[in-house]
């Protein structure tokens, strides 16, 4: 089997939904779920364009699911042929993740005739607005079929509908196809979806063994330019029309070749090669599959966009950007495509105003970034994020209000970018302002305890969301300290050199920021080397994960919130103190890493796909190779296996897991290869799994691009 | 009908339980529920001795229900005669609340014979360890009955059992009776219950119309002396034996006369006379009934005890002392029996160590008084106080952790005591230490917000328990300010005059305390004159009480906690900001009182019996006489009507309501009579209901005792 390929023949509802995620295709401008050609909204088909959101009434804002231009439905004797048809003989679908090509082969028995449909689809990596489909029908007997081809406007929505159709028109030049002119409901954003097919009839008469091939070209356009500004009143449909006609002219083969070339280019620096035996080959496959997903959703074609927590795979989590981008996804791009990594920062710069609005709304200064960020930076996270399984009532959660560590993740990311690329331009272009505004927020959020003569941070939620409204979360406090230290450092540099308006606005905060840096309470290791995740954490019930699980009365119960089964125990959702020890490992000796790993790991549900890689990296750093390999499997298999958590309370949280994919890269590069930058130099402390012979990857540091080859014995750095 | 009497003929289970509360008798040392002679634990009989608690396993600590020495059960042809018997003809039971005499008259039809049982019972107000019962049986035909008389050791317990019986012995002197020597389980506290009856047989043969009278004397002793210290190993049973024999010798009539004399003495200063028409007579009755209850449970016979929130009527609320005592019950005693009021303070002084332990356990300095205080001042309030009706799981509540206003209520009470009585001895005898330790706690609890240059108080629960973990509760902040101001004032006085060890320990806190006094954030009225109950209160959903009620899925649902139907609305449980306006009315102009009354009243469930009197007093102060009369009815009828809230979630919260009883006195004296002390002088601003002609009451101020007579036209003060 092709090492760059996965396949599945599942046809159950569950399989269809999972394959929608697993066999997702994307080109960064848009994403298309891995459903079959005849799938409709009941199979959760999806065509998501990055950064386009809409709100229906007072429901959650979420990505707009665009009309599906690749819909083809065959029928025999009036009965549609689907994966649910009694006449289905066999079905297999595949994803080639070297090139993002989805294919399927399905056989039906039509009254004795064996009918085969084979199709291939890709979202062009060279022409970001274009989707292509080749659809081949063969029968072993003469047969006549019905066929419907259309832009399917009946789309799946979690909280829709999100658009109205303003006009349907011909695609032009006498071609067989159509253009749908639509407008979103909330912002009245115009968009167009066009399709051309080289087959026009609504019936097909097949001769035995003579295939009929249908090629479909589609184009998707919004009226946002690459800077996300609405364009002058140019008819969007005109773009769509021109574009889809050009595609049709270029033809399938050319488009496919260009598409593949673009992917080849991506893999030049984006690939990580793992050599070794069978196990290594599996690790390799899982890693490449992860990197494929990251590349499919990395924003392309428009500027200052980021990566939502479920990529472009679904409307899950409102299509919002979380800290996942900065702490889990960013590193891969930072070292392989820093220009893309920079877009993530540009996105935060662009949304700073939203973050300022949020801070002000809560009565704080500066900027408080959205926990769930959409195109304007206003928080898409609602006050009620979970539904109680017993009462069906919404449950007040505090993710939006209290997960203030989001700010620091952004600052950390900017500082990483500057440190690794040496590019300080981003600071002048808004990066500094982000840092200062984030710092101002923290300054107004820190409280001073006069009798203890120290600052504390109360009423927060750390990464472990099962424990809400805690005081002095170690991770949060440490990240706040980092933020304030960096803000002071940059402000003082700026003041000395060329004061910017941003640094000017921060000047008056410097003395207080310095005092907080000196006196902020950072929970330190106790006699056993253990750092309490937050105040009184060790006083809570210390019971096993199994005990907590056994208390569930309903498998869909939410574990956290005020009264969840985990809330008043030491059982945590995901890496929390361990994230801190990962980011700041230099500040702690290995005994502390060891102790906290041993304590927290059995108490962690790993109920978030963000957890495994963090534990895995500490497992590498502390020489726990066996554990590390398990965590690597976990983080790299979340999507390829499809075995991810599908529910949080009664809310569907399925989709792809870019953070776990980024975590796969981090585990290989940071973890097993022990890659780090110390004083602008690459350091390698490799600790490869037994089955691995060699890992090779690209790392750009400063202006240099390196090929890094790590073996069990040593490593080499080659300029690329 | 006797204006000092209530009666009821209910025999349903609900009536039996309610009458247990309504017709409660007590003498301050102990209390006995208003159940009939033959009632057993299924009718929730109760004999509670103030200040005696026990814990069973890890269940809640609660008062010990003592064995019942007044049990008499008749039977006819082997069938017990009870209120549930088919043979029951009629039943009526009464409470004379002038003298605390319970009586009953019950008729059964025993195979054609009409059998009448009449009994009377009192807990001697002159001999605090003695209970007396006179039991009269009459039949209109000759009849033979079985009779069981015993100390019923099978007691009702919410979370028992709480004692073991160590020995049963004769009462001595050849008398018919017994002594039970018992020991509580947790603290191994010995106690004895003795009984003598003048009727010895287990059958009674009655001649037609010739009554048989049985007199029973009982004694209850613990080994605690009046200072609550365990006595030297004197056999407690000996006390009980001597005491019950003495009682028997004295005889029913003498004991009854002495008991009545003691009550007459109590009423000399304890009564409040309302004159007027029928409505006034009803108000009078309700008030006297309230005062009766307060007097029945005011601690007598042992020192430094206080009044639990449900008196001695049941094990409800763990028999614990809340802020009810200081803010609702204390004023009545302060002006009528200051020596009793002083005991409440002594109780807080005695339990200071427990409060210090609690503060330390939470990481604070000073003393943090128990939200639910028992004999040692450790907090009986558990972390889980409510049971979820849907899951039957305990719900984490924060009453214990966050209701820090309890400290200030104690300080306020001490200051009131000193101000009104002029007695400063209590300050030197521990009162000052209480004030300083309470202040230290607040100092360590206040946080400083550097950018705002002010102190705030976060994460508290105010009187309105439906909103947990709020910031800057106006009532709490104002009370903290009061506490710190008083602490500083006393500390500076002390330092100038005769520095005590208590004030010495506070000296180093003075500068910070002063700074907090200067800069503590006290939410002030907005443009509409409204004071937000806490930060962002006005941002919460503003819906009606009916709307909130309509959202209940189960009538026993708890409204508060993290996810209650009221929690995220402006609907509050009870007076909160209104308590503040009551205590500090001098600091606010009448427009503010008016505005807040009008705003908060319709948003208040009045789900606590502490609410009505506070609104009622503000209604008086703002001239809303009609409202005030309604609130007076509410607060004064809670127990006489029996219409009180019986459930909080799945927890039974029935019993008597001393705070509402104290609230009745406050509404009459503070409210309708407008009584207050300004600069050591009595002020009266009367505002009597139309039906009332005159109110007369006693008020001791300084060393003087006044008879205060208030009419619609004016008032007079006479030295008594």
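Glycine is treated like the rest: Cβ placed from N, Cα and C.
Here's what TrEMBL has on this protein:
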type: ACT_SITE; residues: A:465; note: active site, proton donor
type: BINDING; residues: A:323, A:324, A:573, A:574; note: substrate binding site
type: DOMAIN; residues: A:16-196; note: domain 'Glycoside hydrolase family 65 N-terminal'
type: DOMAIN; residues: A:288-666; note: domain 'Glycoside hydrolase family 65 central catalytic'
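Positions of TrEMBL features highlighted on the structure.
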residue: A:323; record: substrate binding site; Cβ contacts under 8 Å, 6 or more apart: A:405, A:406, A:409, A:410
residue: A:324; record: substrate binding site; Cβ contacts under 8 Å, 6 or more apart: A:307, A:309, A:610, A:658, A:659, A:662
residue: A:465; record: active site, proton donor; Cβ contacts under 8 Å, 6 or more apart: A:399, A:403, A:560, A:573, A:574, A:608
Cβ within 8 Å of the mean position of the Cβ atoms of A:323, A:324, A:573, A:574: remaining residues of the chain near substrate: A:322, A:463, A:465, A:575, A:608, A:610, A:611, A:659
All-chain count of other Cβ atoms within 10 Å of residue A:574 (substrate binding site): 22
Per-residue pLDDT averaged over the domain 'Glycoside hydrolase family 65 central catalytic' (A:288-666), given as an integer: 95
Neighbour tally for residue A:573 (substrate binding site), based on other Cβ positions within 10 Å of its Cβ: 22
Taking residues A:323, A:324, A:573, A:574, which bind substrate in the record, the widest Cα spacing (Å, whole number): 16
Collapsed DSSP category at residue A:465 (active site, proton donor): coil
